[in-house]
Amino acid sequence: MVLRSCCKFGPVLVWFRLGYVVLLWLCVTHLRCARAETKTVVQKDAEFDVTYNDTVTSDNQTIYAFNHTVSRNKTEGVRVTVNILSEGAESSPILFVVRQKQAVLSFQVPLILRGLYQRKYPYAHVGRTLCQPPTRSLTETQYFFVDVSTLSSLGTHYQLRISRVDSFTLHTDKKFSFTASPSQPQYFKYVFPDGVDTVIVKVNSEMTFPCSVMSIQDIQCPVYDLDNNVAFIGMYQTMTKTAAITVQRKDFPSNSFYVVVVVKTEDEACGGPLRFYPLRPDELIDAGNRSKILDVVVSPAISSDVYVMGMLFCLGIFLSFYLLTFLVACVENKRMHRRREGLLNPADMSPAETGKPGVTPVSPYEYGSFVDNASTLSSEAITDSIASDANYGYMERSLESVAGRSRQESLSSIEEDDYDTLADIDSDKNIVRTKKYLCVSDLARKDKRVLSKKYQIYFWNIATIGVFYALPVIQLVITYQTVVNVTGNQDICYYNFLCAHPLGNLSAFNNILSNLGYVMLGLLFLLIVLQRDIIHSRALDRNDLNALECGIPKHFGLFYAMGTALMMEGLLSACYHVCPNYTNFQFDTSFMYMIAGLCVLKLYQKRHPDINASAYTAYACLAAVIFFSVLGVVFGKGNMVFWIVFSVLHILATMLLSTQLYYMGRWRLDSGILRRIVYVIYTDCIRQCSGPMYIDRMVLLVMGNIVNWSLAAYGLLKTPNDFASYLLAIAICNLLLYFAFYIIMKLRSGERIQCMAMVCILFTAVVWGFALFFFFQGLSTWQKTPAESREHNRDCIVLSFFDDHDIWHFLSSIAMFGSFLVLLTMDDDLDNVQRDKIFVF
């Protein structure tokens, strides 16, 4: 029985003994591990401005205890500086944890900061400023602790120093210099003084690189003062030599803020090069010495009185033009009244009414032969040919027949195409328009009601374009401003930060206000044109012979379009300056293209009213220009393929337009064009060497081709970054060339420029000169990085409110208004000259 019982419980005893052995082994192992993992924690009472040299391992942890007295009325900064003296500490960094009453700051040393493409930069020397929690007591003793630990079994030697920052609080208008680096950022506190609601914080440096960041943050912990987190909160902007941020009291409930300056690990954000390329993904790169000496100053911004003065100044300048226009209109009205009274005296009657030779002298350079020409292309023969065609307006008819036509007839029933359908009419146009010497009467044959309707379309089309263009633009720039205000990223917009005065949610109200001149002067020009239009309509109603048969044909549709374009330019320029950058620069230039194109068309229309381009063709061409402007801004930078395509198209367009102008539209672009070109070259250049038939036109077109080919070559060779401005320069050069040609030919033809037009020309030229001087000051440029652009920023120069670019807005709006007046008045001397005596050039 005993033997059987032992056999029965034997396996149980074996398993029991085995479990006992395993349990005993586990207990011994646990005790050994616990003994091995036990750390020695040493707490030391430490003092400020004392350097502590110590060694830390995984077996020991050191806690430094500090205390200091803080005051509610005085803020002192506390700075922690750590330096690692041991080599090879990158594999086992030391962790420093600063425990405060209401904040905790932790960082490792060596501090690893990342750059582009995961580059890693180690920093063994680290300095951080502690966030100061607010205190409600008059004085209070606060404690904080610095814990030092590591997981490295090898000893790492370090230095620790806690010091007070005596200049932690910035004072108004007092410059303070300091040094910062990527691992040793700096920040300071500023408290708004009584009576100051807005200040400008300026940070400057003599060193362009290393790239740095200035940030404005609210008084709260933690303070984001490293390259990888400085953009998390507040307002910030990158800088090379200068940075400026306007700060308003309303944005900071505590009436104070921190000015944080961080040096970046790399210079790419400021336009600098990337010098280091890691061979391996985890390779640590020595960044070298990236310390930067900077100075900071906080100055009060302008008061509300300056805002009021700036607005009154702006309104006063442009309202003075309204007053001046009113006085001139009164004087002109009085002169016209005296002139009507003097019509009873035959000696005072105009040459057109008396039948005597008028004020039109004939230039001796070519028009003597024109008067004496007895060929079939003479003026008299052409006049007889025209008189046989009742569909054209210029023929000898009595005033009774003119009065019999009702001026109230609906223009909707009159179409320009009604007059150009028969083959004989087309043949007649070929005869007239290919004459060697043309008069305005040859190109003013269509019914004035048809042309009036044709040119009024310019105004209605540009008004429609402006509405549909402006609405999404306004919506977009409001979104831009909202993004800037919410994110605090002031690198989005290229302001002149040294003279950017905020108002409400707008960051640079002065740059927006200065565009008021375009709108007000554009409206004034529309009123002047309206007055002339009414006077001309009344003259037609009373069958005034001068209005019917004399002077340059008066069509005001293009003038209305020009005034509307000037107003839209002011609106869109203001929208652009809400947040100026390269993506919305098109807003500022689109209607500049429109204005340049409309001015060229108006110059051409003056003496070519029958063959000027229609509104649909003109605006389609301008739309193509704006399309290429967008392509150039997006794809043109450094893209040689784009520049080759654009230059080829530019030259082809120049050649086609030259052909259209030279032959007055009497040519066809079809499959036989090459055969006709070869035939002309053979007959005029090979078979017999004859000069061009239309010498004046040829001179203009040759000069135009030289200018445009030169601009195309410049663009192809230089590939400028600012494609929009390059395109605008092409438009302005062609406009100035044609305007100069028009003035020269007008004087050469024996015509004169009246006093009012001459005053406008001289005044406009002077104003344009001053305007361009201020334009080329270049206060900012989106062709560079935001930090590089801020190097061009300057202080305000007028009333401490307007900068150089604002003066450009003032002067350019006045100069454009003056240019429009020149176009409006330059041919007033021909109002009493019959159209068959006004030459076309």
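Backbone N, Cα and C define each Cβ position, glycine as well.
No curator has checked TrEMBL annotations; they are predicted automatically.
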7-26, 807-826 - the one TrEMBL records as transmembrane segment: 807-826
Cβ-based contact of the transmembrane segment (616-635) with the transmembrane segment (558-579), 3 or more pairs under 8 Å: no
Contacting positions for the transmembrane segment (558-579) when only residues 6+ beyond its ends and CB under 8 Å are counted: 455-456, 458-459, 461-463, 466, 469-470, 473-474, 477-478, 480-481, 484, 492-493, 506-508, 511-512, 515-519, 521-523, 525-526, 529, 585, 587-588, 590-592, 594-595, 598-599, 601-602, 605, 809, 813, 816-817, 820, 823-824
Distant-in-sequence neighbours of the transmembrane segment (512-530), which means Cβ under 8 A and at least six residues beyond its ends: 310-311, 314-315, 317-319, 321-322, 325, 506, 556, 559-560, 562-571, 573-574, 577-578, 802, 805-807, 809-810, 813-814, 816-817, 820-821, 824
Within-chain partners of the transmembrane segment (807-826) [C-beta distance under 8 Å, separation at least 6 from its ends]: 314, 317-318, 321, 511, 514-515, 517-518, 521-522, 524-525, 528-529, 532, 559, 562-563, 566, 569-570, 573, 595, 599, 602-603, 743, 746, 753-754, 756-757, 760-761, 763-764, 767-768, 770-771, 774-775, 777, 797-798
Residues of the parent chain within Cβ reach of the transmembrane segment (756-776), under 8 Å, 6 or more residues beyond its termini: 743, 804-805, 807-808, 811-812, 814-815, 818-819, 821-822, 825-826, 828-829
